[in-house]
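These notes are about the structure you will find just below.
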């Protein structure tokens, strides 16, 4: 990398001395592009040399193995060890060849990514820079076109690297891969104060996860509302049972039987004592005749029936007794509307999610 930078320095100095109208940012961008292109060319040359040497060795080993297989049987016993060693070498070289092909594919992918990033940097710089003259405008409107110099033709001889020594040839491809430079704070534009290009990745699974979470919350809410309604119905049932249960005094009266002087006839004393006890316990009704008491009881029964008719749910037809408060009856009626609102809300949320997903797919 340093050698390539040293080679490109005279070119950059000559371009700056020629009196061009490029801004400092465009000069830095051009310098970075030249450095990247020179690095890619040198790497391709090294890989081509290594592939050629491996092919030559493979060819030599194939010829040697074919000669050893075509020899007479008299010499087979003496050269068995050599044949086995040659076959082992052939298999090892084949493995190395496959490894090199994988590394070549990796480097080509890295070069493609590097080229896209450099083209994006050039486009951003051209959009941000203000045109100073017509020449600068024409230069900014030009798109970065990929050259076929080092793919179809031999590279420039003035830019070639010197021949490597035998010790340097044994370097692995991992030492020259671009992945080693990925841990730095900035990528290629770091030494030249260029902006780092951020890769925007779409996350289509985010909408699916959000929809799943909303569905789960809706199910939990629906279950909680259902449990609340069941608890309220149980509470109303208990209230009705408590209201219908007689008071302890009335229960004692029904249990207590009148005294019998004879097994068949009741005594007047027992009846009079019962009436006195009843009148002493119900002091509020001492001055009212029995007919008036019967009328009051009938009116209460009619009022309870009217209240029961008034407390009939218009949605499900459930009836509530007079002992149930009006607030409980109102909450039961409101529950029907809350359930309908929840269903509408869930349907609208699902429609919005599908609409969001369709827009996201269309924009992509």
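In case you wondered, yes, glycine gets a Cβ from its N, Cα and C as well.
For the annotation phosphoserine, the record in Swiss-Prot points to 85 among the listed residues 85, 233. Note on 132, 264, 273: Swiss-Prot annotates phosphoserine at 264; no matching annotation appears for the rest, which is not proof of its absence. Record note: among 36-55, 56-75, 56-75 is the stretch given as region 'Disordered' by Swiss-Prot.
Feature annotation (Swiss-Prot): of 283-309, 310-336, the stretch labelled zinc finger is 310-336. Checking 119, 172, 358 against Swiss-Prot, you find phosphoserine recorded for 172. Long-range contacts of the zinc finger (310-336) within its own chain (CB-CB distance under 8 A, at least 6 residues past either end) are made by residues 225, 228-229, 232, 235-236, 239-240, 242-243, 303-304. In the three-state DSSP reading, residue 53 (phosphoserine) counts as helix.
Of all the binding-site residues listed here (313, 316), it is 316 whose C-beta has the fewest other C-beta atoms within 10 angstroms. The CA atom of residue 325 (phosphoserine) is located 18 Å away from the CA atom of residue 316 (Zn(2+) binding site).
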